[in-house]
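Quick look at what TrEMBL lists:
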- Arg55, Gly80, Asp153, Leu154, Glu180: S-adenosyl-L-methionine binding site (BINDING)
Amino acid sequence: DEAVRGTCEDASVCKRFAVSVGYWKDPYIQYFVRQAKERKAPEINRGKLTCYYARVHGVSYLIQAFLKKTECNCQIVNLGAGMDTLFWRLKDENLLPRKYFEVDFPMIVARKIHNIKSKPPLSKPIMESHSGDSLLIDSHSLDSSRYSLVGADLRFSSDLEEKLKKHNLDTHLPTLLVAECVLVYMTPQQSANLLKWAASTFPVAMFINYEQVNMTDRFGQIMIENLQRRQCNLAGVEVCRSLDSQKERLLLNGWETAHAIDMMKVYSFLPQADVKRIEGLEFLDEKELFEQLMQHYCICWASKDSSNL
C-alpha cells in the first residue's frame, strides 16, 4: 500500500510541473503539491507530460458531457482522488454537481484535509458552496453540503458504501464514478467487486476508468518491471491485456454499455490548435517512445441508464 500511495505523489508532481510550463491551467494544484526543484529525465519527460495533457483533457471531456446531460443534477464520486483539484475547477466554471465526493486512503485524505484547512484559496470555495448545518471535519474526513472527502479502502465496497452514505450519498441521483490509475492496483476480483457494487447501487450511472492497456507486449513488460523495482505491484494488470479485456470487465460486472480507446486516439481527437500549442512548448525527440507510451494507456467509460438519459 505504501508504494501505491507513493504513485499519488509522483502523479501530483508531474501534473504540477506540466501546469507550471503551460500544458493546461490549474490554479489550485500549487496548494497541494510542491514544485519539482529540478527536472530529471525520464521521470518527467516531454512524452509523459503530453500523456498527462491528453488524460486531463480526455477525462474532463467525459465529465463535462455527463454534467451537461444531467444539468448538474447529479453527483460525482472520484475514487482514489489523490491531490485532484476538479471540485475547485468545476466551481469556477459554475459546473458543480449536487455533491462531489472524493475517496482515498485515510493517510492521503488526512494530508489533503490539512492542506484545505491551512490554505484559504482551497477552504473558501468549500465554505462558499456550503449551506445548512455546520461543516463536519476530522482528521480523516470532511463533509460539507457540496463536497466530501472520505478516507476508505476501495477494496472493501461495503465499508466504502457505509462511509459515503454517512456523507449523504444519494443512490437515486445520476452518478458519475471516476477512477484514474486505481483499479490496476487492486486484484481483478477486488476491482470486479467495486464495479459490481457501483453498477448495482446506482440506477443511472457512468464509470470512467483511466489506466494501462496492451500490457502483454515488451513495452508493457518494461513498465511493469520499472514499477516492481519500486516495490509497486500492479495486482490487476491481467485485465489490462487489451481494449477488449478492459471493456469486457465492465460488461461482465453489470454495466450496459462500454467503450475503450487508447490515448493516441484520444490525442487525435483533442482540439488541434491546442495540441499544436503544447507541441511547441518543448522539443520531442523520442516520438516513437511517446507513441508507444500513449498506446499503453486508455480511457474506458461505461454506463447504466434506466431513465434513457
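Here the Cβ of each residue, glycine as well, is placed from N, Cα and C on the backbone.
Caution: TrEMBL annotation is automatic and unverified by curators.
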Winner by Cβ contact number (other Cβ atoms within 10 Å) across the binding-site residues Asp153, Glu180
Glu180
Neighbour count, 10 Å Cβ-Cβ cut-off, for Arg55 (S-adenosyl-L-methionine binding site): what number do you get?
21
For Leu154 (S-adenosyl-L-methionine binding site), which residues of its chain lie six or more apart in sequence with Cβ-Cβ distance below 8 Å?
Leu79, Gly80, Val103, Leu160, Val182, Met186, Gln190, Leu194
CB contacts for Gly80 (S-adenosyl-L-methionine binding site) [other CB atoms within 10 A, all chains]
22
